[in-house]
(Lines of atoms letter the chains of each structure in order from A and count residues from 1; the text may use other names and numbers.)
(Lines give C-alpha, C1' and ligand atoms only; values in the text may rest on other atoms or scores of the structure.)
Protein backbone atom coordinates (compact mmCIF):
# COMPACT_ATOMS: atom_id res chain seq x y z
CA UNK A 1 0.00 0.00 0.00
CA UNK A 2 2.95 2.28 0.75
CA UNK A 3 4.24 1.89 -2.81
CA UNK A 4 0.76 2.55 -4.19
CA UNK A 5 0.48 5.67 -2.05
CA UNK A 6 3.83 6.87 -3.35
CA UNK A 7 2.86 6.13 -6.95
CA UNK A 8 -0.45 7.95 -6.50
CA UNK A 9 1.41 11.03 -5.26
CA UNK A 10 3.93 10.88 -8.11
CA UNK A 11 1.09 10.40 -10.59
CA UNK A 12 -0.72 13.48 -9.29
CA UNK A 13 2.49 15.53 -9.51
CA UNK A 14 3.39 14.30 -13.02
CA UNK A 15 -0.11 14.93 -14.33
CA UNK A 16 -0.10 18.42 -12.88
CA UNK A 17 3.17 19.10 -14.69
CA UNK A 18 1.80 17.60 -17.94
CA UNK A 19 -1.20 19.94 -17.75
CA UNK A 20 1.19 22.91 -17.76
CA UNK A 21 2.18 22.00 -21.33
CA UNK A 22 -0.54 22.92 -23.79
CA UNK A 23 0.19 20.05 -26.19
CA UNK A 24 1.32 17.18 -23.94
CA UNK A 25 -2.11 15.69 -23.15
CA UNK A 26 -3.23 15.95 -26.77
CA UNK A 27 -0.06 14.14 -27.85
CA UNK A 28 -0.71 11.42 -25.27
CA UNK A 29 -4.23 10.74 -26.64
CA UNK A 30 -3.08 8.29 -29.38
CA UNK A 31 -1.33 6.27 -26.66
CA UNK A 32 -4.59 5.70 -24.73
CA UNK A 33 -5.01 2.01 -23.95
CA UNK A 34 -1.30 1.18 -24.24
CA UNK A 35 0.34 -0.48 -21.26
CA UNK A 36 4.07 0.16 -20.88
CA UNK A 37 5.89 -2.05 -18.38
CA UNK A 38 9.16 -0.80 -16.90
CA UNK A 39 11.30 -3.41 -15.16
CA UNK A 40 14.49 -2.36 -13.43
CA UNK A 41 17.17 -4.73 -12.17
CA UNK A 42 19.49 -4.37 -9.15
CA UNK A 43 17.47 -3.33 -7.22
CA UNK A 44 14.43 -4.94 -8.80
CA UNK A 45 11.62 -2.49 -9.46
CA UNK A 46 8.49 -2.75 -11.56
CA UNK A 47 6.17 -0.07 -12.81
CA UNK A 48 3.34 0.07 -15.33
CA UNK A 49 2.60 3.29 -17.20
CA UNK A 50 -0.79 3.81 -18.85
CA UNK A 51 -0.87 7.03 -20.85
CA UNK A 52 -4.13 8.73 -21.83
CA UNK A 53 -5.39 12.20 -22.64
CA UNK A 54 -5.90 12.71 -18.89
CA UNK A 55 -2.22 12.13 -18.18
CA UNK A 56 -0.29 9.11 -16.97
CA UNK A 57 -1.56 6.39 -14.70
CA UNK A 58 1.19 4.67 -12.72
CA UNK A 59 0.52 1.18 -11.37
CA UNK A 60 2.61 -1.16 -9.25
CA UNK A 61 1.08 -4.14 -11.05
CA UNK A 62 -1.24 -4.75 -13.96
CA UNK A 63 -3.24 -7.90 -14.58
CA UNK A 64 -3.23 -7.62 -18.38
CA UNK A 65 -0.25 -8.08 -20.74
CA UNK A 66 1.92 -5.04 -21.45
CA UNK A 67 2.19 -3.70 -25.02
CA UNK A 68 5.80 -2.70 -24.49
CA UNK A 69 8.34 -3.78 -21.88
CA UNK A 70 11.45 -1.79 -21.05
CA UNK A 71 14.16 -3.66 -19.14
CA UNK A 72 17.26 -1.90 -17.84
CA UNK A 73 19.36 -1.54 -14.69
CA UNK A 74 17.56 0.72 -12.22
CA UNK A 75 20.41 3.26 -12.39
CA UNK A 76 19.85 3.55 -16.16
CA UNK A 77 16.12 4.04 -15.59
CA UNK A 78 16.89 6.86 -13.17
CA UNK A 79 19.21 8.39 -15.76
CA UNK A 80 16.39 8.07 -18.28
CA UNK A 81 14.02 9.94 -15.96
CA UNK A 82 16.46 12.80 -15.39
CA UNK A 83 18.07 12.94 -18.84
CA UNK A 84 17.07 15.62 -21.33
CA UNK A 85 17.98 13.39 -24.26
CA UNK A 86 15.79 10.38 -23.44
CA UNK A 87 16.14 8.82 -26.90
CA UNK A 88 19.91 8.52 -26.44
CA UNK A 89 19.45 6.62 -23.15
CA UNK A 90 16.77 4.38 -24.71
CA UNK A 91 19.17 3.42 -27.50
CA UNK A 92 22.01 2.52 -25.11
CA UNK A 93 23.09 -1.16 -25.08
CA UNK A 94 21.99 -1.75 -21.44
CA UNK A 95 18.37 -1.05 -22.39
CA UNK A 96 16.23 -3.89 -23.68
CA UNK A 97 12.92 -3.12 -25.39
CA UNK A 98 10.28 -5.72 -26.14
CA UNK A 99 6.94 -5.32 -27.93
CA UNK A 100 5.56 -2.10 -29.38
CA UNK A 101 8.54 0.19 -28.80
CA UNK A 102 6.85 3.00 -30.76
CA UNK A 103 4.54 3.61 -27.78
CA UNK A 104 7.49 4.08 -25.44
CA UNK A 105 9.35 6.28 -27.92
CA UNK A 106 6.27 8.45 -28.36
CA UNK A 107 5.89 8.78 -24.57
CA UNK A 108 9.59 9.65 -24.21
CA UNK A 109 9.23 12.29 -26.95
CA UNK A 110 6.26 13.90 -25.16
CA UNK A 111 8.16 14.03 -21.86
CA UNK A 112 11.28 15.35 -23.58
CA UNK A 113 9.48 18.16 -25.38
CA UNK A 114 7.66 19.49 -22.31
CA UNK A 115 7.42 23.28 -22.29
CA UNK A 116 5.79 24.24 -19.06
CA UNK A 117 3.52 27.26 -19.06
CA UNK A 118 3.89 28.09 -15.37
CA UNK A 119 2.48 31.57 -15.92
CA UNK A 120 -0.92 30.13 -16.88
CA UNK A 121 -1.01 28.01 -13.71
CA UNK A 122 0.03 30.99 -11.59
CA UNK A 123 -2.60 33.21 -13.23
CA UNK A 124 -5.32 30.76 -12.17
CA UNK A 125 -4.36 31.36 -8.55
CA UNK A 126 -3.46 35.05 -8.40
CA UNK A 127 -5.00 36.52 -11.57
CA UNK A 128 -3.54 37.74 -14.90
CA UNK A 129 -2.24 41.19 -13.87
CA UNK A 130 -0.12 40.09 -10.87
CA UNK A 131 1.10 37.13 -12.98
CA UNK A 132 2.21 39.46 -15.79
CA UNK A 133 4.01 41.70 -13.26
CA UNK A 134 5.70 38.79 -11.52
CA UNK A 135 6.49 37.11 -14.87
CA UNK A 136 8.09 40.29 -16.28
CA UNK A 137 10.08 40.82 -13.11
CA UNK A 138 11.28 37.21 -12.98
CA UNK A 139 12.21 37.22 -16.68
CA UNK A 140 14.28 40.41 -16.37
CA UNK A 141 15.94 38.98 -13.24
CA UNK A 142 16.64 35.70 -15.04
CA UNK A 143 18.17 37.58 -18.00
CA UNK A 144 20.26 39.70 -15.68
CA UNK A 145 21.55 36.62 -13.82
CA UNK A 146 22.20 34.81 -17.10
CA UNK A 147 24.22 37.71 -18.49
CA UNK A 148 25.99 38.15 -15.16
CA UNK A 149 27.03 34.51 -15.04
CA UNK A 150 28.18 34.53 -18.68
CA UNK A 151 30.22 37.68 -18.08
CA UNK A 152 31.70 36.30 -14.84
CA UNK A 153 32.58 33.08 -16.58
CA UNK A 154 34.35 34.89 -19.41
CA UNK A 155 36.22 37.30 -17.12
CA UNK A 156 37.38 34.52 -14.82
CA UNK A 157 38.62 32.44 -17.75
CA UNK A 158 40.49 35.43 -19.16
CA UNK A 159 42.03 36.31 -15.80
CA UNK A 160 43.22 32.74 -15.12
CA UNK A 161 44.68 32.24 -18.61
CA UNK A 162 45.88 35.71 -19.65
CA UNK A 163 46.74 37.59 -16.47
CA UNK A 164 47.47 35.11 -13.66
CA UNK A 165 48.77 32.54 -16.18
CA UNK A 166 47.44 29.83 -13.84
CA UNK A 167 45.71 28.08 -16.73
CA UNK A 168 46.66 27.85 -20.37
CA UNK A 169 44.28 29.68 -22.68
CA UNK A 170 42.22 27.71 -25.15
CA UNK A 171 43.87 29.17 -28.27
CA UNK A 172 47.34 28.82 -26.79
CA UNK A 173 46.62 25.21 -25.87
CA UNK A 174 45.28 24.56 -29.37
CA UNK A 175 48.46 26.02 -30.95
CA UNK A 176 50.64 23.90 -28.63
CA UNK A 177 48.66 20.74 -29.49
CA UNK A 178 49.09 21.47 -33.21
CA UNK A 179 52.88 21.89 -32.67
CA UNK A 180 52.98 18.57 -30.83
CA UNK A 181 51.02 16.91 -33.65
CA UNK A 182 53.43 18.34 -36.25
CA UNK A 183 56.44 17.21 -34.19
CA UNK A 184 54.94 13.72 -33.92
CA UNK A 185 54.47 13.57 -37.69
CA UNK A 186 58.05 14.83 -38.28
CA UNK A 187 59.38 12.16 -35.93
CA UNK A 188 57.42 9.46 -37.76
CA UNK A 189 58.86 10.63 -41.09
CA UNK A 190 62.39 10.74 -39.65
CA UNK A 191 62.01 7.25 -38.26
CA UNK A 192 60.82 5.98 -41.65
CA UNK A 193 63.77 7.66 -43.39
CA UNK A 194 66.32 6.19 -40.95
CA UNK A 195 64.73 2.79 -41.44
CA UNK A 196 65.02 3.11 -45.22
CA UNK A 197 68.65 4.27 -45.00
CA UNK A 198 69.61 1.46 -42.64
CA UNK A 199 68.05 -1.04 -45.03
CA UNK A 200 69.93 0.39 -48.05
CA UNK A 201 73.30 0.27 -46.15
CA UNK A 202 72.84 -3.40 -45.21
CA UNK A 203 74.51 -5.88 -47.66
CA UNK A 204 71.87 -7.64 -49.72
CA UNK A 205 71.05 -11.26 -48.79
CA UNK A 206 71.22 -12.15 -52.49
CA UNK A 207 74.58 -10.46 -53.12
CA UNK B 1 -21.71 -17.46 6.01
CA UNK B 2 -25.21 -17.93 4.70
CA UNK B 3 -28.24 -15.88 5.40
CA UNK B 4 -30.68 -17.35 7.84
CA UNK B 5 -33.70 -18.77 6.04
CA UNK B 6 -36.38 -20.23 8.25
CA UNK B 7 -39.15 -22.67 7.48
CA UNK B 8 -41.98 -21.94 5.07
CA UNK B 9 -44.42 -20.82 7.81
CA UNK B 10 -42.38 -17.75 8.90
CA UNK B 11 -40.67 -15.12 6.79
CA UNK B 12 -36.96 -15.81 6.62
CA UNK B 13 -34.78 -13.34 8.47
CA UNK B 14 -31.40 -11.90 7.72
CA UNK B 15 -29.03 -9.64 9.57
CA UNK B 16 -29.10 -5.89 9.39
CA UNK B 17 -26.00 -4.97 11.33
CA UNK B 18 -26.27 -6.93 14.59
CA UNK B 19 -30.08 -7.11 14.40
CA UNK B 20 -32.16 -9.74 12.63
CA UNK B 21 -34.84 -8.38 10.34
CA UNK B 22 -37.27 -10.03 7.90
CA UNK B 23 -35.55 -10.43 4.52
CA UNK B 24 -38.11 -8.25 2.78
CA UNK B 25 -37.14 -5.32 5.04
CA UNK B 26 -33.37 -5.44 4.69
CA UNK B 27 -33.19 -3.77 1.27
CA UNK B 28 -35.40 -0.91 2.47
CA UNK B 29 -33.35 -0.45 5.63
CA UNK B 30 -30.07 -0.44 3.67
CA UNK B 31 -31.65 2.02 1.24
CA UNK B 32 -32.53 4.33 4.15
CA UNK B 33 -28.90 4.30 5.29
CA UNK B 34 -27.59 5.19 1.86
CA UNK B 35 -30.25 7.83 1.17
CA UNK B 36 -29.05 9.45 4.36
CA UNK B 37 -25.32 9.37 3.58
CA UNK B 38 -25.34 9.78 -0.25
CA UNK B 39 -24.71 13.55 -0.26
CA UNK B 40 -21.53 13.36 1.78
CA UNK B 41 -20.51 9.79 0.94
CA UNK B 42 -17.14 10.73 -0.59
CA UNK B 43 -16.27 13.16 2.17
CA UNK B 44 -17.09 10.56 4.83
CA UNK B 45 -15.08 7.88 3.01
CA UNK B 46 -12.07 10.18 3.00
CA UNK B 47 -12.51 11.17 6.64
CA UNK B 48 -13.14 7.67 7.98
CA UNK B 49 -10.49 5.84 5.97
CA UNK B 50 -7.93 8.66 5.99
CA UNK B 51 -7.98 8.51 2.17
CA UNK B 52 -7.05 4.82 2.19
CA UNK B 53 -10.18 3.88 0.21
CA UNK B 54 -8.56 5.51 -2.83
CA UNK B 55 -5.57 3.16 -2.59
CA UNK B 56 -7.80 0.10 -2.08
CA UNK B 57 -9.75 1.05 -5.20
CA UNK B 58 -6.51 1.71 -7.05
CA UNK B 59 -5.38 -1.84 -6.35
CA UNK B 60 -8.77 -3.12 -7.59
CA UNK B 61 -8.23 -1.32 -10.88
CA UNK B 62 -4.72 -2.75 -11.19
CA UNK B 63 -6.02 -6.29 -10.75
CA UNK B 64 -8.97 -5.77 -13.10
CA UNK B 65 -6.72 -5.90 -16.16
CA UNK B 66 -9.34 -3.90 -18.06
CA UNK B 67 -8.37 -3.09 -21.65
CA UNK B 68 -9.73 -0.85 -24.42
CA UNK B 69 -12.96 -2.26 -25.84
CA UNK B 70 -13.89 -4.21 -22.67
CA UNK B 71 -17.36 -4.23 -21.16
CA UNK B 72 -17.28 -3.54 -17.42
CA UNK B 73 -20.04 -3.67 -14.82
CA UNK B 74 -19.48 -1.79 -11.57
CA UNK B 75 -22.12 -2.96 -9.11
CA UNK B 76 -22.94 -0.82 -6.08
CA UNK B 77 -20.84 1.74 -7.91
CA UNK B 78 -21.98 4.51 -5.60
CA UNK B 79 -20.35 7.79 -6.47
CA UNK B 80 -18.49 6.33 -9.41
CA UNK B 81 -14.82 6.21 -8.32
CA UNK B 82 -14.15 2.92 -10.12
CA UNK B 83 -16.51 3.57 -13.04
CA UNK B 84 -14.70 6.80 -13.88
CA UNK B 85 -11.35 5.05 -14.18
CA UNK B 86 -12.88 2.13 -16.10
CA UNK B 87 -14.50 4.55 -18.53
CA UNK B 88 -11.06 5.97 -19.27
CA UNK B 89 -9.45 2.52 -19.60
CA UNK B 90 -12.04 0.94 -21.93
CA UNK B 91 -12.03 3.97 -24.24
CA UNK B 92 -14.66 4.84 -26.86
CA UNK B 93 -14.91 1.23 -28.08
CA UNK B 94 -15.68 -0.13 -24.62
CA UNK B 95 -18.67 0.19 -22.34
CA UNK B 96 -19.07 0.71 -18.60
CA UNK B 97 -22.26 0.19 -16.62
CA UNK B 98 -22.50 1.80 -13.21
CA UNK B 99 -25.21 -0.05 -11.34
CA UNK B 100 -26.57 0.68 -7.88
CA UNK B 101 -29.76 -0.40 -6.18
CA UNK B 102 -29.99 2.93 -4.41
CA UNK B 103 -31.43 5.80 -6.47
CA UNK B 104 -29.81 8.51 -4.33
CA UNK B 105 -26.33 7.03 -4.65
CA UNK B 106 -26.81 6.50 -8.38
CA UNK B 107 -27.92 10.09 -8.83
CA UNK B 108 -24.90 11.42 -6.92
CA UNK B 109 -22.61 9.16 -8.99
CA UNK B 110 -24.21 10.12 -12.31
CA UNK B 111 -24.10 13.87 -11.56
CA UNK B 112 -20.52 13.65 -10.38
CA UNK B 113 -19.29 11.76 -13.46
CA UNK B 114 -21.19 13.97 -15.90
CA UNK B 115 -19.77 17.05 -14.16
CA UNK B 116 -16.30 15.64 -14.72
CA UNK B 117 -17.03 15.09 -18.41
CA UNK B 118 -17.26 11.30 -18.17
CA UNK B 119 -19.84 10.37 -20.82
CA UNK B 120 -20.31 8.48 -24.06
CA UNK B 121 -19.22 5.03 -23.00
CA UNK B 122 -20.94 4.90 -19.61
CA UNK B 123 -24.47 3.98 -18.63
CA UNK B 124 -26.23 4.31 -15.25
CA UNK B 125 -28.58 1.54 -14.23
CA UNK B 126 -30.59 1.10 -11.03
CA UNK B 127 -30.31 -2.63 -10.48
CA UNK B 128 -30.42 -5.28 -7.79
CA UNK B 129 -27.18 -7.28 -7.62
CA UNK B 130 -29.19 -10.47 -7.02
CA UNK B 131 -31.14 -10.11 -10.26
CA UNK B 132 -28.87 -8.29 -12.70
CA UNK B 133 -30.83 -7.11 -15.75
CA UNK B 134 -28.13 -7.98 -18.29
CA UNK B 135 -27.69 -10.81 -20.82
CA UNK B 136 -25.62 -13.93 -20.07
CA UNK B 137 -21.89 -13.87 -20.91
CA UNK B 138 -21.89 -10.11 -21.50
CA UNK B 139 -19.16 -8.45 -19.38
CA UNK B 140 -15.37 -8.86 -19.36
CA UNK B 141 -15.11 -7.64 -15.80
CA UNK B 142 -17.55 -7.18 -12.91
CA UNK B 143 -16.61 -5.27 -9.77
CA UNK B 144 -18.43 -4.69 -6.52
CA UNK B 145 -16.68 -2.42 -4.05
CA UNK B 146 -18.01 -2.12 -0.51
CA UNK B 147 -21.41 -3.34 -1.65
CA UNK B 148 -21.64 -7.10 -1.16
CA UNK B 149 -22.14 -6.89 2.60
CA UNK B 150 -25.36 -4.92 2.05
CA UNK B 151 -26.84 -7.55 -0.28
CA UNK B 152 -29.52 -9.72 1.32
CA UNK B 153 -28.69 -12.99 -0.50
CA UNK B 154 -24.98 -12.89 -1.24
CA UNK B 155 -24.96 -16.33 -2.89
CA UNK B 156 -27.67 -15.25 -5.35
CA UNK B 157 -25.74 -12.07 -6.11
CA UNK B 158 -22.52 -14.02 -6.79
CA UNK B 159 -24.39 -16.41 -9.11
CA UNK B 160 -25.97 -13.47 -10.90
CA UNK B 161 -22.52 -11.89 -11.40
CA UNK B 162 -21.19 -15.19 -12.74
CA UNK B 163 -24.06 -15.39 -15.22
CA UNK B 164 -23.42 -11.96 -16.76
CA UNK B 165 -19.65 -12.51 -17.01
CA UNK B 166 -18.12 -13.86 -20.22
CA UNK B 167 -16.11 -17.08 -19.84
CA UNK B 168 -12.64 -15.94 -18.76
CA UNK B 169 -14.13 -12.75 -17.29
CA UNK B 170 -13.10 -11.52 -13.84
CA UNK B 171 -15.14 -10.74 -10.75
CA UNK B 172 -13.47 -8.44 -8.22
CA UNK B 173 -15.03 -8.08 -4.78
CA UNK B 174 -13.55 -5.30 -2.66
CA UNK B 175 -14.98 -5.46 0.83
CA UNK B 176 -14.21 -4.93 4.49
CA UNK B 177 -12.95 -8.13 6.04
CA UNK B 178 -11.36 -9.54 9.16
CA UNK B 179 -8.07 -8.03 10.42
CA UNK B 180 -5.25 -10.56 10.43
CA UNK B 181 -3.47 -8.99 13.38
CA UNK B 182 -4.95 -9.28 16.93
CA UNK B 183 -3.70 -5.86 18.03
CA UNK B 184 -4.97 -4.23 14.86
CA UNK B 185 -8.32 -5.97 15.42
CA UNK B 186 -8.70 -4.36 18.87
CA UNK B 187 -7.72 -0.90 17.60
CA UNK B 188 -10.08 -1.33 14.66
CA UNK B 189 -12.99 -2.35 16.95
CA UNK B 190 -12.49 0.71 19.12
CA UNK B 191 -12.20 2.89 16.05
CA UNK B 192 -15.29 1.59 14.28
CA UNK B 193 -17.68 1.36 17.24
CA UNK B 194 -16.68 4.61 18.94
CA UNK B 195 -15.09 6.96 16.40
CA UNK B 196 -17.13 6.20 13.26
CA UNK B 197 -20.62 6.83 14.76
CA UNK B 198 -19.26 9.96 16.45
CA UNK B 199 -17.98 11.36 13.12
CA UNK B 200 -21.31 10.36 11.51
CA UNK B 201 -23.11 12.35 14.19
CA UNK B 202 -20.83 15.39 13.77
CA UNK B 203 -20.82 15.54 9.96
CA UNK B 204 -24.24 14.19 9.00
CA UNK B 205 -26.08 14.28 12.31
CA UNK B 206 -26.59 10.54 11.74
CA UNK B 207 -24.75 8.19 14.07
CA UNK B 208 -27.05 5.21 13.31
CA UNK B 209 -25.95 4.85 9.67
CA UNK B 210 -22.33 4.60 10.71
CA UNK B 211 -23.17 2.26 13.57
CA UNK B 212 -24.83 0.05 10.94
CA UNK B 213 -21.68 0.33 8.78
CA UNK B 214 -19.50 -0.93 11.65
CA UNK B 215 -21.94 -3.72 12.52
CA UNK B 216 -22.45 -4.84 8.92
CA UNK B 217 -18.66 -5.13 8.52
CA UNK B 218 -18.51 -7.50 11.51
CA UNK B 219 -21.35 -9.61 10.09
CA UNK B 220 -19.74 -9.90 6.65
CA UNK B 221 -18.03 -13.21 5.80
CA UNK B 222 -14.29 -13.31 6.47
CA UNK B 223 -11.71 -13.82 3.74
CA UNK B 224 -11.81 -17.63 3.60
CA UNK B 225 -15.62 -17.83 3.86
CA UNK B 226 -16.13 -15.40 1.02
CA UNK B 227 -13.56 -17.30 -1.03
CA UNK B 228 -15.47 -20.57 -0.53
CA UNK B 229 -18.76 -18.78 -1.36
CA UNK B 230 -17.26 -17.64 -4.66
CA UNK B 231 -16.02 -21.16 -5.39
CA UNK B 232 -19.47 -22.57 -4.58
CA UNK B 233 -21.08 -20.00 -6.88
CA UNK B 234 -18.94 -21.42 -9.70
CA UNK B 235 -15.88 -19.15 -9.89
CA UNK B 236 -12.51 -20.60 -10.75
CA UNK B 237 -8.99 -19.63 -9.56
CA UNK B 238 -10.39 -17.62 -6.63
CA UNK B 239 -7.71 -15.68 -4.75
CA UNK B 240 -7.76 -12.83 -2.28
CA UNK B 241 -5.36 -10.09 -1.23
CA UNK B 242 -5.47 -8.60 2.25
CA UNK B 243 -4.93 -4.88 2.49
CA UNK B 244 -4.17 -2.76 5.57
CA UNK B 245 -3.75 -5.88 7.75
CA UNK B 246 -6.93 -7.49 6.44
CA UNK B 247 -9.25 -4.59 7.26
CA UNK B 248 -10.10 -4.78 3.58
CA UNK B 249 -9.72 -7.74 1.22
CA UNK B 250 -9.90 -7.94 -2.54
CA UNK B 251 -11.23 -11.27 -3.84
CA UNK B 252 -10.82 -12.19 -7.47
CA UNK B 253 -12.47 -15.07 -9.31
CA UNK B 254 -12.54 -16.08 -12.97
CA UNK B 255 -15.57 -17.45 -14.79
CA UNK B 256 -14.56 -20.85 -16.20
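Each residue, glycine too, has its Cβ placed from N, Cα and C.
The Cβ neighbour count for residue B:79 (S-adenosyl-L-methionine binding site), using a 10 Å radius over every protein chain in view, is 21. The S-adenosyl-L-methionine binding site feature in TrEMBL is assigned to B:79, B:100, B:128, B:129.
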When DSSP states are folded down to helix, strand and coil, where does residue B:129 (S-adenosyl-L-methionine binding site) land?
helix
Validating a neighbour-count step here. Other CB atoms within 10 A of the CB of residue B:128 (S-adenosyl-L-methionine binding site): how many?
18
Using a 10 Å cut-off on CB atoms, tell me which of the binding-site residues B:100, B:129 is the least crowded.
B:129
Where does residue B:79 (S-adenosyl-L-methionine binding site) sit in DSSP terms: helix, strand, or coil?
coil
